[in-house]
């Protein structure tokens, strides 16, 4: 529709990987489909094992279960549409569909940042104050911390998405990304967005940088406590309980910070797509692998679940 010189945009076109050849897009489809299925199966397995096994009822595994739910949601928001753009060239997305995708991307992203900080706090209390750990991290406290992490996604998602889609879009509708992220969408706005960009930077600091600093501070204290432990076995056991989480945090935050804290002029759209693939597609797949391969308790629980499933058969 045209109102004077104003074009009302009713849909967007995701550029995605359309510049690549059809053969390469087919290869990427198979690769991302495989990663997607591994992500879903791996995180569902983590949820089932940590729910069913009585040995995995500690706060650490309660938060891990919540992380797996978040990773599944994060993947469902991004990957199915991306697969559609690759295999059937379904690159259009409605105005409402784009807003919905962006809303849940912000929601799951902010919630994951806060949950990772909560998991770091759990490891900090377990290693630095073990005698008070059962009291501080009781069932009620864990439920409140998890609920607060999930709830943190609502304000940032609501404010960011509502503000972006209240701007006028005056014609160009090609989003140079494989999903509706805020920077490529806001680039299509035909109005002054400086106030929004200031708010977006503030939200990024609060929901990415601040939790990261809390995690960093927790691990400084954790490592300091571990190095003061008298026995090598105690050091090894303490470090093994937090090494998986530290690796997950490093993978998630390194790419997220590179994506949202680098000046626009220093990062090409193609490089941003690669960085976004890291934390939206690859990291959710690696999380259950990291926690299952590097955690002896999870591996033992998996073996027990398999034994119960197979009955008396020998593994």
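Even glycines carry a Cβ here, placed using N, Cα and C.
Automatic prediction, not curation, is the source of TrEMBL annotations.
The transmembrane segment annotation in TrEMBL falls on one of the ranges 62-83, 172-193, namely 62-83. Using a cut-off of 8 Å between Cβ atoms, the transmembrane segment (62-83) and the transmembrane segment (142-165) share at least three residue pairs, counting only pairs 6 or more apart in sequence.
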